[in-house]
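According to Swiss-Prot, the protein carries these features:
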BINDING   Ser114, Leu115, Leu116, Pro117  (6S)-5,6,7,8-tetrahydrofolate binding site
Amino acid sequence: MTASKARIVFMGTPDFAVASLDALIGEGYNVVGVVTIPDKSIGKHQSIPQFSPIKQYALSHEIPLLQPKKLKDPDFLKSLKAWNTDLQVVVSFRLLPEVVWNMPSLGTFNLHASLLPQYRGAAPINWAIINGEKETGVTTFFLDYEIDTGKIIAQECIPIKETDNAGTIHDELMYLGAKLVVKTTNDILSGTVKLISQDETNLGKQKLKIAPKIFREVCKIDWNKTTREIHNFIRGLSPYPGAWTELTCVKGMTFPFKIFETEKADCHDYSLPVGTIVSDKKVYIDVRTKDGFIRLRNVQLAGKKRMPVTDFLKGNAYLLSLHF
């Protein structure tokens, strides 16, 4: 089946998904419809509709659009079936029921931002960096009954550099994933796909790691961990949602304090308790960890903008107490 004849439906929501949809359109694939989430309401009175990035793209390219609240809604299923789809492509969308993923004649495949079976779940990029992985990647696989467990179609990997954070890896995988989506689509249509089962028992010495959704309480920094662990934790949550701690002022008040960038610091007094702040109040802020000190480079005080530590110290040095 040729690219121009195959009827493809794309399902997705954020910017990460737009790159894949744009790649399919750019390669001449026949995307007959797009499915995304319902509009959100923003503004003082929740009166301003906020479109998902995928909806914005679909509207600008005049692609038919569906925005179901429930994926088993009879009206939605009727409209989806009317598109007479050959293949569905899913990137950063919701969990699909069988009645949806089993509808196309050629099936439904998903792009996942990890090297499956590792890091199944909602936040694979974050957890790979938090856990100190040296590489990650993208996987395309056919959907089945369990989350992120279907047969693998293709994978591509990239190194995680010491200077990377969740934002830089997100962008790299977004474009790498778009290329893999195009390749996977081509292989499916040409009948050249060779499927690989996800074998959790063939990981060697590696443990199976998961990537659950990240909530605010998970993002709090534990200063009792090593410098390396804290450094990976912070960059794994940067720029979003951001690792945080509580800054204790001289008056005893506490404020949420986000940290986006760090590096290993020179040694100070090892007798200092974990969480103690060491600063010249002009250039640097170092914090005692389990095995040394970590230097903060980019921070954000609650209610303020994100900024380099040198800028923060110009107006807020008086806030620093003895510890976080």
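The backbone N, Cα and C atoms fix where each Cβ goes, glycine too.
Each residue in His112, Gln118, Tyr119, Arg120, Pro124, Gly137, Thr139, Asp148, Gln155, Gln198 lies on the same chain as Ser114, Leu115, Leu116, Pro117 and has a C-beta within 8 Å of the C-beta centroid of that (6S)-5,6,7,8-tetrahydrofolate site, without being one of the site residues. Packing around Leu116 ((6S)-5,6,7,8-tetrahydrofolate binding site) is summarised by its Cβ count: 22 other Cβ atoms lie within 10 angstroms of its Cβ, all protein chains included. Counted within 10 Å of its Cβ, the other Cβ atoms near Pro117 ((6S)-5,6,7,8-tetrahydrofolate binding site) come to 20, all protein chains included.
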